[in-house]
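Visitor: Here it is, the structure, as structure tokens.
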Amino acid sequence: MEAEVLNQDEAAFSRYGGDYVEEPTPRSPPERQKSLQIPSKPEKDPNMANWDGPDDPENPQNWSTPYKWFLTLICMLLCLNVTFASSAPSSVSLRIQAQFHISNEVSDLITTVFLIGYCFGPLIWGPGSELIGRRKIFIVAMILYTIFHLGQALAKNIETLLVTRFISGFFACAPLTNSGGVIADIWDPERRGLAVSMFTASVFMGPVLGPIVSGFIAESSATWRWVFWVMMIFAGACTLTLFFLPETYAPVLLARKAERLRKQDPHKYEHIYAEHERQDWSFGGIMKRTILRPFHMLFMEPILVLVTVYLSLVYGLLYALFQAIPVIFIKVKGFTISQTGLIFIGVGIGTTVGSAINIWTSRRYPALIKKWKGFPPPENRLISAMIGSPILVIGCFWLGWTGQYASVSWYVPAISTIFIGVGISSIFMSFLSYLVDTYLMYSASALAANTIVRSGVAAAFPLFTVQMFTNLGINWACTLIGLIMLVFVPAPFLFYRFGPKIREKSKFAPCIDLFIAKELAAQEKQQKEKQETGSQLMV
């Protein structure tokens, strides 16, 4: 029975990636055995469209390595662009305040409403990519995202600016939602780690570049509107790269293949179909697995809850830096806006180092994949978080207690931003990979829930960061943040130790590695028995 469940879960993950449409198999042995006794369709239906063997060139997994890297770079560029847009206006907020006669709190909404758009976007772009494919979603979202920069650059009042920023954020999250799916579509698990590390680095590099570029525009003779014109030009250039991005989602490609065969010879291929065509694409079916399932998982899965809370706070800290660093380096250290923007280079260096740490900790993953038949224990992904979580706490305390005093040279708190960047990047890469490996074919729903909550928390941080740093003082504000992060330092260690037991009770975690562990233990026991038998015969 366990072997049958294992084969079903492996097949579902290999076919759908993280976008599996069916509900999970019951976890308890009695319920599972009962569910397996229900007659099911044969595993291989001759009328169901499939790849023409393991080397089919239409299968994205079989594309050449240079081409895969080319597509990965396109995804990285798109995510760099949309995350750049999230933080770029922060350096011209004073000019916008003067133009529209608004308060600091209202100007902070320019970043907040963009991130609120990130909360709603995954509910549309995730299921949209399942229905019509990833490429069409990319094209539609990026074109509209680019166009709505016009409303920001030409805004006559703050209301227009905020509304168009929200709409831009709604469309901008499409690359963030679907780029990970593209990488999963084209890379096998053995080589996916490097691609994911580089992709995640680009996601963090975007917010870092935003204040650097806009800081120099803010101090130039150009108007603040040029920040949005630059954002639009960058977005338009990135959108053009989509002409080189093919469809990569396997179920959609197989549906197109079935349609092509039916047109080619209506009589011979009359009964050919694609599994994707027979899924429940009704409004209720889509709502159930794209909106209800993520929140159902969020309320029922303790692993997802704790990881989401931790990553939400870490993500919020990243956007809090866009408000906190000007308080430290303009008010205390006497920097200009452009000089303050350069401080974010430290965060960029840190996130790059964090990516390197993740690559280094994943160096033995190919061997684990072979040993565990493609599904090693997810807890192996937590090594980077074990390194990054204490480093993040150190960075927070370092920034606060060296940034508080004008007598401390500027480069001392600036160096601390490298440690913060390392912590943020390594924690994110580690835990997001952990969620994917834990929930496998349900990982898209887990990541959607995580993204919605995470973006909502990050949207709130800019609204109180300046007040917190002003009223508590830089030192105690950073101490408060550091203590909160300190509470979560044991999280990766606890998951590494107790994760298998928690996953075993989960409804959505397939736990394929636990089945394989039993097989490996049985094989090892048989080998020992053979050796003992052989030794007795020799005697």
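Every residue gets a Cβ built from N, Cα and C, even glycine.
Checked TrEMBL, it gives:
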REGION    1-58  region 'Disordered'
DOMAIN    67-503  domain 'Major facilitator superfamily (MFS) profile'
TRANSMEM  69-89  transmembrane segment
TRANSMEM  109-125  transmembrane segment
TRANSMEM  137-155  transmembrane segment
TRANSMEM  167-187  transmembrane segment
TRANSMEM  194-214  transmembrane segment
TRANSMEM  226-254  transmembrane segment
TRANSMEM  297-322  transmembrane segment
TRANSMEM  342-361  transmembrane segment
TRANSMEM  382-402  transmembrane segment
TRANSMEM  408-432  transmembrane segment
TRANSMEM  439-461  transmembrane segment
TRANSMEM  473-496  transmembrane segment
Visitor: When you check the transmembrane segment (167-187) against the transmembrane segment (408-432), do you get at least 3 Cβ pairs under 8 Å, counting only pairs 6 or more apart in sequence?
Guide: no
Visitor: For the transmembrane segment (342-361), which recorded stretch in the set 69-89, 194-214, 226-254, 439-461 gives the largest number of Cβ pairs separated by under 8 Å?
Guide: 194-214
Visitor: Can you tell me which parts of the same chain pack against the transmembrane segment (69-89), counting only residues 6+ beyond its ends and a CB-CB cutoff under 8 A?
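Guide: Same-chain contacts beyond the flanks: 96, 110-111, 114-115, 138, 142, 145, 165, 168-169, 172-173, 175-176, 179, 182-183, 186-187, 195, 198-199, 202-211, 213-214, 227-228, 230-231, 234-235, 238, 241-242, 244-246, 248, 319, 322.
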Visitor: Do any residues of this chain, six or more beyond the ends of the transmembrane segment (439-461), have a C-beta under 8 angstroms from a C-beta of it, and if so which?
Guide: 9, 12-13, 16-20, 24, 111-113, 115-116, 118-119, 122-123, 126, 173, 176-177, 180-181, 289-290, 293-295, 297-298, 301, 304, 307-308, 311-313, 315-320, 323, 375, 432, 508-510, 512
Visitor: Where among 109-125, 194-214, 408-432, 473-496 do we find the most Cβ pairs under 8 Å to the transmembrane segment (382-402)?
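Guide: Answer is 408-432, with the largest number of Cβ pairs below 8 Å.
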Visitor: Give me the stretch from 109-125, 137-155, 194-214, 297-322, 473-496 with the greatest number of Cβ pairs under 8 Å to the transmembrane segment (226-254).
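Guide: Looking only at 109-125, 137-155, 194-214, 297-322, 473-496, the most contacts with the transmembrane segment (226-254) come from 137-155.
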Visitor: Can you tell me which of 109-125, 137-155, 297-322, 473-496 gets the most C-beta pairs within less than 8 Å of the transmembrane segment (194-214)?
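Guide: Comparing 109-125, 137-155, 297-322, 473-496 against the transmembrane segment (194-214), the winner is 297-322.
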Visitor: Along the domain 'Major facilitator superfamily (MFS) profile' (67-503), what average pLDDT does this model show?
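Guide: Overall, the domain 'Major facilitator superfamily (MFS) profile' (67-503) comes to a mean pLDDT of 91.
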Visitor: Hey, which bits of the same chain come close to the transmembrane segment (109-125), Cβ under 8 Å, at least six residues off its ends?
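Guide: Distant Cβ neighbours of the transmembrane segment (109-125) are 85-87, 89-90, 93, 96, 137, 141, 161-163, 165-174, 176-178, 290-291, 319, 322, 448, 451-452, 455-456, 458-460, 462-463.
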